[in-house]
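What follows is a set of notes on a single structure, which appears directly below.
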Amino acid sequence: MGTLSAPPCTQRIKWKGLLLTASLLNFWNLPTTAQVTIEAEPTKVSEGKDVLLLVHNLPQNLTGYIWYKGQMRDLYHYITSYVVDGEIIIYGPAYSGRETAYSNASLLIQNVTREDAGSYTLHIIKGDDGTRGVTGRFTFTLHLETPKPSISSSNLNPRETMEAVSLTCDPETPDASYLWWMNGQSLPMTHSLKLSETNRTLFLLGVTKYTAGPYECEIRNPVSASRSDPVTLNLLPKLPKPYITINNLNPRENKDVLNFTCEPKSENYTYIWWLNGQSLPVSPRVKRPIENRILILPSVTRNETGPYQCEIRDRYGGIRSDPVTLNVLYGPDLPRIYPSFTYYRSGEVLYLSCSADSNPPAQYSWTINEKFQLPGQKLFIRHITTKHSGLYVCSVRNSATGKESSKSMTVEVSDWTVP
């Protein structure tokens, strides 16, 4: 390091006591000479070491100076200042206890950390004719020696062409640039290789054998550069997308046996079955041979239409089939007749509607006193008479299931006259 003037043995004033002084000095903001220079000794600084920001060519009639962390000259970034008259050192909010100010405006930073890297601003106050001050502002950027980087990966075992991977160069280093290398060559930019805004993260969209690596990253700043060890992705073979074959897509409820098969067959895979997005639970009604590739349902209900999926897995992951949904045939259930009124007066309107749960929809027909009236769900008589009294039956039939059902009600029509 260069020759230093010993720091004065003076009183040390907290930064709050400088509020008025700082405002006055900033008010005298006139241009000055640009011959002042700042250099770091040593030029390559490692974390945990000391560095001196050595100032050259200080002007005559120096009144004082202020050091700031960064390029913002405010109290928040204020480290320390020195006032020549009285040899007073003042510390600000950005003072960490590791900075030492010297009378020649140099600043010693001990036990340097990564947070210390970055720009520093020296604000010099110079006396002129004794009635006003002249100030100058000089900025210097401190660069630490770059650490040896390492590469972290979101997935070291991606599926070929199927999975995206992000590679990140660690650690995050201020005021440094990042470079990437693949197969020892500068990284080519293609549609499948993208860099983040800072170049610190590399995105690989669909890894192939040509983009599996090895990869290296480099951290570089004006004083040093360091490159990581190579990282190569373990490219896994692409899993074939499975599909389901089934013996009957239109089973009858509680009657037909269903056989699901997950294709393709391979001894290298394990098979998993899914129903409605949930792993199919173990149940006495569900039969699965040892290999689990075949799923047997001795019967199925209307609540088990699916969707069904099968998944093939290896030690690194799996892939699911497209969903398969059953068209379960059921019903007709016992029909319902609305409204349930049974008493009418002559001349009123009779309107009855019949419904029954059924898939496919059931066929409907009505009989009155065992005489066929008409097909359809609804029965309408505009002017009912006593002749319409009797037993009304709604019959339903599902031709797909071969099942029938019916519901009856008694209607009583009374004669009445206006008194």
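Backbone N, Cα and C atoms are what each Cβ position is placed from, and that goes for glycine too.
The annotation signal peptide is assigned in Swiss-Prot to 1-34.
The domain 'Ig-like V-type' annotation in Swiss-Prot covers 35-144. Counting residues per DSSP class in helix, strand and coil order gives 6 helix, 57 strand, 47 coil for the domain 'Ig-like V-type' (35-144).
Residues or ranges marked as N-linked glycosylation site by Swiss-Prot: Asn61 (among others).
For Asn104 (among others), the entry in Swiss-Prot reads N-linked glycosylation site, with the evidence type sequence analysis.
All chains included, 12 other C-beta atoms sit within 10 angstroms of the C-beta of Asn111 (N-linked glycosylation site). The N-linked glycosylation site annotation in Swiss-Prot covers Asn111 (among others), and the record cites sequence analysis as its basis.
What Swiss-Prot lists as domain 'Ig-like C2-type 1' is 149-234.
Per Swiss-Prot, the feature disulfide bond maps to Cys169-Cys217 (among others). Cβ-based neighbour count (10 Å, all protein chains) for Cys217 (disulfide bond) stands at 26.
Annotated N-linked glycosylation site per Swiss-Prot: Asn199 (among others), in sequence order. Residue density at Asn199 (N-linked glycosylation site): 14 other Cβ atoms are found within 10 A of its Cβ, drawing on all protein chains shown.
According to Swiss-Prot, the domain 'Ig-like C2-type 2' annotation covers 240-327.
The N-linked glycosylation site annotation in Swiss-Prot covers Asn259 (among others) and is backed by sequence analysis. DSSP classifies Asn259 (N-linked glycosylation site) as strand under the three-state reduction.
For Cys262 (disulfide bond), the same-chain residues that are 6 or more apart in sequence and have a Cβ closer than 8 Å to its Cβ are Pro242, Tyr243, Ile244, Tyr271, Trp273, Arg293, Ile294, Leu295, Cys310, Ile312, Ser321. The disulfide bond feature in Swiss-Prot is assigned to Cys262-Cys310 (among others); the stated evidence is a curator's inference.
Summarising the annotation, Swiss-Prot assigns N-linked glycosylation site to Asn268 (among others) and lists sequence analysis as the type of evidence. In this structure, Asn268 (N-linked glycosylation site) belongs to neither helix nor strand by DSSP; it is coil.
If you look up Swiss-Prot, you'll see Asn303 (among others) marked as N-linked glycosylation site. For Asn303 (N-linked glycosylation site), no same-chain residue 6+ apart in sequence has a C-beta under 8 angstroms from its C-beta.
Sequence annotations record features per position, and here Swiss-Prot assigns domain 'Ig-like C2-type 3' to 335-410.
For Cys354-Cys394 (among others), the entry in Swiss-Prot reads disulfide bond. Reduced to three states, the DSSP call for Cys394 (disulfide bond) is strand.
The Cβ neighbour count for Asn268 (N-linked glycosylation site), using a 10 Å radius over every protein chain in view, is 10. Across the structure, Cys354 (disulfide bond) and Asn104 (N-linked glycosylation site) are spaced 103 Å apart at their Cα atoms. Only Cys169, from the recorded positions Asn61, Asn104, Asn111, Cys169, Asn268, Cys394, place their Cα within 10 Å of the Cα belonging to Asn199 (N-linked glycosylation site).
Per Cα geometry, Cys394 is the residue among the recorded positions Asn104, Asn111, Cys169, Cys394 nearest to Asn259 (N-linked glycosylation site). The Cα atom of Asn111 (N-linked glycosylation site) lies nearest to that of Asn104, taking the recorded positions Asn61, Asn104, Cys169, Cys217 as the candidates.
Within the same chain, residues at least six positions away from Cys394 (disulfide bond) with a Cβ under 8 Å of its Cβ are Pro335, Ile337, Leu352, Cys354, Tyr364, Ser365, Trp366, Ser406, Lys407, Ser408. Of all the recorded positions listed here (Asn104, Cys169, Cys217, Asn268), Asn104 has the Cα closest to the Cα of Asn61 (N-linked glycosylation site).
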